[in-house]
Every structure is written in C-alpha cells, then in structure tokens.
Amino acid sequence: MLNQELELSLNMAFARAREHRHEFMTVEHLLLALLSNPSAREALEACSVDLVALRQELEAFIEQTTPVLPASEEERDTQPTLSFQRVLQRAVFHVQSSGRNEVTGANVLVAIFSEQESQAAYLLRKHEVSRLDVVNFISHGTRKDEPTQSSDPGSQPNSEEQAGGEERMENFTTNLNQLARVGGIDPLIGREKELERAIQVLCRRRKNNPLLVGESGVGKTAIAEGLAWRIVQGDVPEVMADCTIYSLDIGSLLAGTKYRGDFEKRFKALLKQLEQDTNSILFIDEIHTIIGAGAASGGQVDAANLIKPLLSSGKIRVIGSTTYQEFSNIFEKDRALARRFQKIDITEPSIEETVQIINGLKPKYEAHHDVRYTAKAVRAAVELAVKYINDRHLPDKAIDVIDEAGARARLMPVSKRKKTVNVADIESVVARIARIPEKSVSQSDRDTLKNLGDRLKMLVFGQDKAIEALTEAIKMARAGLGHEHKPVGSFLFAGPTGVGKTEVTVQLSKALGIELLRFDMSEYMERHTVSRLIGAPPGYVGFDQGGLLTDAVIKHPHAVLLLDEIEKAHPDVFNILLQVMDNGTLTDNNGRKADFRNVVLVMTTNAGVRETERKSIGLIHQDNSTDAMEEIKKIFTPEFRNRLDNIIWFDHLSTDVIHQVVDKFIVELQVQLDQKGVSLEVSQEARNWLAEKGYDRAMGARPMARVIQDNLKKPLANELLFGSLVDGGQVTVALDKEKNELTYGFQSAQKHKAEAAH
C-alpha cells in the first residue's frame with residue numbers, strides 16, 4: 001500500500017527519533033522526514049516553500065518540545081502518537097477513495113493539514129501552503145505562481161524551477177519538434193508561399209502571430225506541423241533554426257479546473273513559461289475555441305482575454321488555425337483579438353499540387369499498407385475525388401481515397417491480395433465513398449445495360465420510343481460520353497393518363513437496382529410550399545430540417561428522380577430545376593450542395609392531352625400532336641424546355657397493347673395466388689372480353705385494373721376466405737357467350753389431387 005519511497009522516509013523518521021532517544025514519534029517528525037521524500041518535496045517546491053527554513057524550524061521545535069527517554073529505561077522504544085497514526089490512516093483512506101493503489105509522500109502531506117492543532121500544520125500555513133495547493137498539484141500538476149524575484153539581483157532560477165516549467169509544458173502541450181524527430185509528422189510538400197508568409201510574420205517585432213484560415217481539409221494543421229518538421233530538418237532561415245513549436249491541448253488545460261481561478265492560474269503559468277523561452281512558438285489548432293474557454297458563467301475572463309496583452313507586445317508567438325465559417329462567426333467578432341493576428345489564407349491546392357503532395361506522402365502509406373500505388377492510381381484518386389466527393393476539400397479527400405484503397409487491398413484474402421493499387425481499385429473506392437456506379441463498367445453491369453431496353457419493353461407496352469430515349473441516355477453516361485456537369489438525363493414525359501409515364505420510371509429504377517425518389521408535384525402548388533424542396537429560409541418554421549429534395553439526393557446520389565405531374569407545381573419549381581438540369585447541383589438552405597450528376601431526372605405531365613382528344617371534323621382522324629406541343633410550350637418557359645434532353649410524347653394505347661396489358665395483370669394476379677397455393681387459368685375468350693371491357697382510349701390502362709379487380713379478384717376473395725380455395729386449389733375462368741359474362745370454376749386442392757390420381 002505504501003510505496004517504497006514513503007516506507008524509506010518513515011524508517012528514516014523512526015531511526016532519527018530512536019537516535020535522539022525521543023519518547024514519541026510526532027507529526028513533526030513525519031513532516032521532517034517528508035522533506036527528503038521526492039514526491040512530497042516536489043509538491044512543496046511547487047507551492048514555493050523555502051525548504052531550508054522549514055527544515056530548521058522543524059528541527060528546533062522537535063529538540064525543544066519532544067520528551068527524551070531516560071537513560072535508565074533502555075528497553076523502552078519510541079512510540080508513535082495518535083495524531084501520527086491518524087495522519088497515515090487518512091492518507092490511506094484518501095488514496096483508496098480515489099481508486100489508486102499506492103500511498104505517496106504527497107498524499108501524507110495532504111493528510112497532515114487535517115491535524116490543525118499540530119505544529120507541522122501551523123508551519124505549513126506559515127509558509128503559505130494550503131491543502132488545496134497540494135491537492136491541485138497531485139491531481140493536475142498545478143503550481144502556485146512563482147514568487148517575485150529575490151532581493152539578490154544576481155539570483156537565477158535554479159534547475160528545479162526550470163524542470164517544473166518544462167513539466168508544465170509537457171502536461172498541456174505537445175512538442176511538435178520532438179514529434180517530428182521520431183517520425184510522427186508527415187513532411188510538408190509544397191505550400192512554399194504560405195510557409196514563407198508565416199515565417200515572415202513570426203519574425204516580426206510586434207503582432208508576430210500568423211492565423212491560418214481556410215476550409216477544412218486544405219492542410220492548415222499540416223503547415224504548422226510541417227514548419228516543425230522543417231525546423232528539425234534544418235530547412236528554415238537561421239532566425240528560426242532554434243525555435244520549438246508546441247501544440248496547445250486545450251482539453252488538458254481545462255480538465256480538472258473545478259474552482260474559480262484554477263484555469264487562469266494554470267494558463268498564466270503556461271504563458272509565463274512561453275514568455276521566458278524566447279524560442280518557443282505556441283500552435284493553437286481551432287483557435288476559435290479559446291474564446292470563452294475557462295470563463296465562468298457571466299464572466300468575461302477567458303483564455304482569449306488572458307492571452308491578448310502578450311500577443312500585441314510580441315512577448316510570445318502564436319500560430320492559430322481556423323475555418324472561414326468560424327473566423328467570421330466567432331473569431332472576427334472579437335476585434336481586439338483578431339487585430340493581433342495576421343490572417344493568411346490557405347486555399348485549396350490545384351490538382352497538380354495535390355498530385356505532388358500525395359507523391360511525397362506515398363512512401364508512408366505504402367509502408368503502412370504494404371502495397372504500391374501506381375502513378376496513374378495517384379492521379380485518378382485526385383481527379384475522381386474532385387469530381388465526385390463534393391463535401392470535402394483537397395488534398396484531404398484525395399489522401400483519404402489513397403489511404404482507403406490501401407486498407408481495402410490489405411484486407412483482401414491472401415489468395416486475392418494484390419501488391420499494387422491500380423486505377424480500378426481507386427475507382428471502386430471512390431464509388432463506395434460517393435455511392436455512385438463505378439467508372440469502369442463490370443461484366444454484370446454491361447449485361448444489365450445491354451438488356452435494359454428489352455427488359456423495360458417487356459414490362460411497359462406501347463411506349464418503345466420513350467424507353468429507347470431513356471436507355472440511350474443511360475448508356476451514354478455509363479460509356480463516359482455524357483455531359484460532365486449535367487444529370488444523366490433530363491426528360492419530360494407528356495401524354496394522356498394511364499399510358500405508362502410513371503411506370504417506365506418505376507421499372508427503370510428496379511432494372512438498374514437504384515433508388516426511386518418520387519415527388520408528387522400536387523403538394524407544391526402554393527408558392528410557400530416550394531421552399532420545402534430546398535429548405536425554409538432562416539426565421540421560418542422548418543429551417544433546421546433541410547430540404548426534402550436536396551436531402552433525398554444527398555442521401556441517394558445515384559437514383560431515378562421522378563417529379564410526377566410537374567405542371568401542377570408552382571412555376572418557381574421550374575426555376576429551381578434550371579440549375580439542376582444545367583449544372584447538376586442544387587444548394588439547400590444550409591449551404592450544402594446536392595450532386596445531381598448521377599441522377600436520371602424524369603418529369604411527367606398531362607399538358608396538351610385535351611388538344612389530342614378534340615373531335616376530328618369529317619371522316620378522317622386528325623393528328624393533333626402539334627397542338628399538344630404548343631400547349632406544352634405555353635406552360636413551360638423556353639429556358640426550361642431548352643435544358644431538357646428530350647420531350648417524349650406517350651401515345652394512346654392501342655387495342656393490341658391492351659391485350660398485352662390484360663396478360664400482364666393476369667400474371668401479377670397469378671403471382672399473388674401462388675402464395676396461396678392456387679393456380680389460375682383464364683381462357684383466351686375471357687381475356688378478349690376483359691380487354692374489350694377495360695379499354696378506354698382516353699383513360700389508358702387504369703380502367704383495366706378496375707375491370708380485373710371487379711371481375712377476377714372479387715369473386716376469388718370469397719372463395720379464398722370461406723369457399724373451396726381455403727387450402728389452395730385451381731381456378732378456371734371462361735366466357736359465357738350467351739350471357740356475355742365470365743364463368744368461374746373452383747376446384748379445391750384435395751379434389752384436384754384425387755382426380756389427378758385417377
């Protein structure tokens with residue numbers, strides 16, 4: 001329980017008491033022994049105690065007040081007093097309650113303060129040491145402010161004080177120079193102009209504090225770390241050669257500051273140490289966090305206000321980094337703090353600069369993942385990251401792609417593991433990160449695309465022209481021949497109701513295996529409802545919820561987007577869609593960009609249908625499709641129509657197509673009945689009757705669904721629930737020509753099996 005140093009100190013105290021024939025072992029004996037204990041001695045030094053004076057006072061008190069054993073009683077030994085025993089017990093209890101295993105000399109020193117009536121506690125108070133000072137040092141390494149300079153003008157801080165300052169730096173900062181020496185920092189590639197400006201600012205006489213401002217991921221922290229790396233390598237001007245960069249850990253600085261003034265004391269001591277070491281530079285990452293850090297509720301004294309006086313005088317040098325958003329929203333509002341820094345804009349590097357950066361970092365990643373990156377793979381990582389990963393910036397997102405490609409290669413089974421990462425591997429990683437199809441079309445995808453048109457024509461009848469336009473646009477995009485900054489395709493499907501405009505898009509999403517994002521435009525007829533697509537502006541209800549359209553595309557960037565019955569929407573919706581069709585992006589109310597470059601945009605409309613249904617004059621049927629297109633031109637503005645890839649007119653369904661529709665509905669019904677164990681047979685006469693009954697040129701295929709429901713599904717429902725088809729069976733549907741109605745033959749599963757056996 002007691003550590004070895006404390007046991008040695010206690011043994012020395014008993015030996016001293018026996019040597020002087022003292023009758024009792026007192027708390028003063030204990031404190032005198034602790035002056036030689038490393039742990040207790042360090043705590044007392046941190047509290048600025050004059051150890052020599054304290055030792056003299058203790059020795060004098062012990063000699064004057066402690067009873068001495070008579071020479072005649074040689075057998076009697078020195079006995080510890082009750083107060084001595086209580087001090088050790090309290091130290092043990094205190095350590096146990098804090099979850100530690102060993103009692104140190106510093107813990108015993110804390111316990112001495114509980115013996116208020118003892119001379120030892122009095123002498124500690126006399127030297128301006130409180131129990132809280134010792135506890136703070138044990139828990140957090142907090143030292144009392146060092147006393148003013150000694151009356152002796154030639155006195156210099158001793159080595160112990162210097163060691164205390166170094167320890168304080170180690171507790172609350174990270175030495176980036178030391179980290180660079182052991183290989184913990186990647187080398188800085190490029191950024192010569194920014195680094196040169198930062199060094200110039202650091203060498204100024206006053207206000208020598210550079211502030212690196214840029215978007216997240218552009219390499220602000222890398223510049224500060226790279227400066228430390230170059231100092232270690234000796235690749236800096238002479239005036240910077242002896243500098244050491246410390247990175248501030250604001251979390252450690254705040255941790256454990258329970259009482260008012262703890263944080264200020266700790267931070268002031270750190271600043272004083274930096275001020276004394278003229279070659280030290282403090283790097284504060286996310287420097288906007290110091291505004292308000294350590295401030296009590298309602299108080300104005302925070303880390304920013306504590307550091308301001310030293311910043312303008314040039315006594316300490318600070319490098320800060322923050323983003324444009326935090327700089328304008330938080331940092332710049334404290335004008336007094338902002339003027340003490342020299343803003344340096346860190347812009348996003350170009351593609352060529354990023355390639356150079358990754359080539360410089362490549363050996364580190366190759367050694368870590370045990371792979372090799374080809375030159376084409378590095379360039380592909382940068383170019384694809386720029387093209388498809390829009391929520392981050394170079395070089396960070398390109399480095400992420402390289403790193404993840406190496407990790408993916410490393411995690412492959414040994415039999416499939418490759419030693420080289422090529423362009424195809426990079427494409428696969430980018431496709432997973434951005435949730436888009438791979439640039440290189442696989443064999444399975446190639447088969448899907450080849451048979452896409454035929455598959456859609458088997459599911460949607462009579463609209464071959466529309467299907468061909470859709471599939472050709474998708475094939476061009478997957479072949480890499482589409483517009484780089486536009487959606488895969490932007491189509492307006494026009495035509496009468498019930499002919500398959502919506503069904504084509506539904507079947508397209510199923511065939512490609514991608515998400516269908518469907519928006520019914522009848523919900524956006526009012527002007528104020530348009531904001532729901534991109535999010536409400538600040539001050540309005542729903543501002544924090546984002547936009548329905550932008551959120552859906554951000555979540556599913558590779559999808560089929562269906563805007564159903566677009567003519568019912570407010571005209572402002574058309575204006576929102578202009579930039580989507582032209583530039584492939586849409587910004588929501590929070591500034592997030594939704595990427596539509598891998599979206600198939602389909603809009604449906606019934607505009608112009610009324611013109612096609614006008615009665616013809618005379619015996620010849622007139623083609624009114626030209627009038628229908630004129631109606632579409634009236635509703636949709638020229639700039640809207642000009643951005644569409646195609647306006648596809650869906651024709652009325654012919655009688656031949658209706659027979660195919662009947663067959664499709666019967667197949668769908670059979671699939672439902674298969675789950676019940678029921679087989680369905682419909683004669684050709686019955687199919688012809690259903691086609692004749694359900695055909696309506698103006699209404700399309702929707703009346704057919706109602707005819708199937710009334711004439712097939714309703715009679716089957718009662719038999720499935722209460723009749724002969726409860727346990728399965730067979731249904732035969734035929735036509736009674738005399739009555740001109742359908743007849744139904746139901747056969748239970750058991751009877752069907754018996755007849756089959758005979």
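Keep in mind that glycine also has a Cβ here, set from the backbone N, Cα and C atoms.
Copied from Swiss-Prot, the annotated features are:
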type: DOMAIN; residues: 1-145; note: domain 'Clp R'
type: REGION; residues: 2-65; note: region 'Repeat 1'
type: REGION; residues: 80-145; note: region 'Repeat 2'
type: REGION; residues: 140-167; note: region 'Disordered'
type: COMPBIAS; residues: 148-161; note: compositional bias 'Polar residues'
type: REGION; residues: 169-417; note: region 'I'
type: BINDING; residues: 214-221, 495-502; note: ATP binding site
type: REGION; residues: 421-609; note: region 'II'
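Shown for the region 'Repeat 2' (80-145): DSSP residue counts in helix, strand and coil, namely 42 helix, 2 strand, 22 coil. According to its DSSP assignment, LYS220 (ATP binding site) is helical. For VAL499 (ATP binding site), the number of other Cβ atoms no farther than 10 Å from its own Cβ, over all displayed protein chains, is 25.
Mean pLDDT for the region 'Repeat 1' (2-65) in the predicted structure: 83.
Neighbour density at the Cβ, taken as the number of other Cβ atoms within 10 Å, is lowest among the binding-site residues GLY214, GLY495 for GLY214.
Each of the binding-site residues LYS220, LYS501 was scored by other CB atoms within 10 A of its CB, and the lowest score goes to LYS220.
Note on SER216 (ATP binding site): other Cβ atoms within 10 Å of its Cβ, all shown chains, come to 14. The least crowded of the binding-site residues VAL218, THR497, judged by other CB atoms within 10 A of its own CB, is THR497.
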